[in-house]
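Chemist: Here's a structure for you.
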Amino acid sequence: MSLDAPKVQPVNGAAFTIGIAAARFNSTYVDALLHQILGHLSAAGVKEKKIHLARVPGSNELPVAAQLLARKHRPDVVIALGVLIRGDTIHYELIADAATQALQRVALDAGIPVINGVIVAENQAQAEARCLGAINRGAEFAHGALEMAGLKRRLSRPANTKKK
Ligand SMILES: Nc1c(NC[C@H](O)[C@H](O)[C@H](O)CO)[nH]c(=O)[nH]c1=O
Ligand SMILES: CC(=O)[C@@H](O)COP(=O)(O)O
């Protein structure tokens, strides 16, 4: 179990626009992550009206939703949320691989950071621990998003120009 989350960088999110794509599959877990994330974004000053949420059926649909959000709203960052739990076949693994690759491609193609908030779990207990229990992946995703949004803002300005 990875408990080595990065140290939180304090970020003022008041100016940020954020896209969130969230799967409805395993919605108890995904909604718990979403709830945690919205709390952290709000605490960092992100305005509710600047958060654009798109729900999709499952994690397989997250990359296209992330791309649509990126195109429509030009957010500072997109967070993609899903919970994949092993079934009887390797289907979950194929989706995990494909979604991971595609989310990264959306990020690089759009020039907008995309946080991979897809939990890949062997069983319900692993999913529960990460979404409802001791391991707060929602906080990690929110802090990662805020840090990357700040980075994008800083590095998108040409050198020697003043912050607006
Ligand atoms: N088994 C899980 C899925 N499966 C659904 C797919 O993501 C997709 O919606 C379907 O194959 C149609 O394209 N999705 C999850 O998010 N989590 C799972 O555990
Ligand atoms: C249909 C799915 O996305 C997923 O539940 C696959 O489950 P299984 O591996 O048991 O077919």
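Cβ atoms are placed via backbone N, Cα and C, with glycine included.
Annotations per TrEMBL:
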- Phe25, Ser59, Asn60, Glu61, Val83, Leu84, Ile85, Asn116: 5-amino-6-(D-ribitylamino)uracil binding site (BINDING)
- Asp88, Thr89, Arg130: (2S)-2-hydroxy-3-oxobutyl phosphate binding site (BINDING)
- His91: active site, proton donor (ACT_SITE)
Chemist: Quick one: Cα separation, Val83 (5-amino-6-(D-ribitylamino)uracil binding site) versus His91 (active site, proton donor), in Å?
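Modeler: So the Cα of His91 (active site, proton donor) lies 13 Å away from that of Val83 (5-amino-6-(D-ribitylamino)uracil binding site).
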Chemist: Please list the binding-site residues from Asn60, Ile85, Asp88 whose Cβ falls under 6 Å of any atom in ligand 2.
Modeler: Asp88
Chemist: Rounding to the nearest whole angstrom, report the longest C-alpha distance spanning Asp88, Thr89, Arg130, listed for (2S)-2-hydroxy-3-oxobutyl phosphate.
Modeler: 22
Chemist: For ligand 1, list the binding-site residues among Phe25, Leu84, Ile85, Asp88, Thr89 whose CB atom is within a distance below 6 Å of it, in sequence order.
Modeler: Phe25, Leu84, Ile85
Chemist: When you tally the Cβ atoms that lie within 10 Å of each candidate's Cβ, which of the binding-site residues (Ser59, Asn60, Thr89, Asn116) has the highest tally?
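Modeler: Most Cβ neighbours within 10 Å: Ser59.
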Chemist: How big is the gap, in Å, between the Cα of Arg130 ((2S)-2-hydroxy-3-oxobutyl phosphate binding site) and that of Leu84 (5-amino-6-(D-ribitylamino)uracil binding site), rounded to a whole number?
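Modeler: Leu84 (5-amino-6-(D-ribitylamino)uracil binding site) has its Cα 12 Å from the Cα of Arg130 ((2S)-2-hydroxy-3-oxobutyl phosphate binding site).
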Chemist: Consider the recorded positions Asp88, Thr89, His91 and say which one has the Cα lying nearest the Cα of Ser59 (5-amino-6-(D-ribitylamino)uracil binding site).
Modeler: His91
Chemist: Counting other Cβ atoms within 10 Å of each residue's Cβ, which of the binding-site residues Glu61, Asp88 comes out lowest?
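Modeler: Per-residue Cβ counts within 10 Å for the binding-site residues Glu61, Asp88 bottom out at Asp88.
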